[in-house]
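**Q** This is the feature table in TrEMBL:
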DOMAIN    9-213  domain 'Cytochrome b561'
TRANSMEM  9-28  transmembrane segment
TRANSMEM  48-65  transmembrane segment
TRANSMEM  77-100  transmembrane segment
TRANSMEM  112-137  transmembrane segment
TRANSMEM  149-172  transmembrane segment
TRANSMEM  192-212  transmembrane segment
Amino acid sequence: MSSYGTQALAHLFGILAIILLLVWLLHFREGIDYDSDNGFRVFNVHPLMMFMGFIFLGGEAILSFQTIPSQRQTKKFFHMMLHLISIILGIVGLCAAFKFHNMMGFPNVYSLHSWIGIGTFCLSGLQWLVGFVTFMFPRAADRTRTRVVPWHVAGGRALLFMAVCAAETGLMEKYGFLRAKSNLQPHQRESYLINFTGLAILLFGVFVDLSVSLRRNSV
């Protein structure tokens, strides 16, 4: 399979994951509203922003070097801006989770999901800042940029999979709460929907990474 094929599959599974996530939050859950008095509607902002904003746009930023037909400097600009937007939307998603916990009287940052998520978010911010200073402004020397590029690429790929891991653990954590509090059964449609959403997110990450790997190996 060529890198173009893996790019197309990455886009497909990313869009599919967004659709499944919206169906789940709007149809099976309480909906999405950051300013609502209903804590569950506030919480639903969290998975939407963390995937659609942080993971999907982050993955598209990685693919931007292959999908944007333009000069390298333009590709670098779009790469940087997509990551910046993803970080901003990630901040909204994190704020929604903290707001929900405070509304419901739940503790913050106690689960493996939250540890992975907070760690990934902080490292992503650091990765963006170092990348901006090194490659955009004020820009490091040519020799330094050449040495940093492999680490920047490897770090971006690692952070994408950390974000995917955070999403998967978050889905399973939410599923566990729903089974305990809402009597959600394993073979109900919502249970299948959660599983298929998780699979779509995983495959999005896989095909983004494969696309980068195939492109680098073909140069």
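Note: Cβ is positioned from N, Cα and C throughout, glycine not excepted.
Show me how these features fit into the shown structure, please.
**A** Listed by sequence, the residues of this chain that lie at least six past the ends of the transmembrane segment (9-28) yet keep a Cβ under 8 A from its Cβ atoms are 44, 47-48, 51-52, 56, 59-60, 63, 189-190, 193-194, 196-197, 200-201, 203-204, 207-208, 211.
Within the chain carrying the transmembrane segment (48-65), a Cβ under 8 angstroms from the stretch's Cβ atoms is held by residues 7, 10-11, 14, 17-18, 21-22, 25, 32, 75, 78-80, 82-83, 85-90, 92-94, 96, 117, 121, 124, 156-157, 159-160, 163-164, 166-167, 170, 201, 204-205, 208, 211-212, 215, all 6 or more beyond its ends.
The list of residues near the transmembrane segment (77-100) in space but at least 6 beyond its ends in sequence, with Cβ under 8 angstroms from a Cβ of it, reads 34, 39-40, 42-50, 52-58, 60-62, 64-65, 68, 70, 106, 108, 114, 117-118, 121, 124-125, 128, 131-132, 136.
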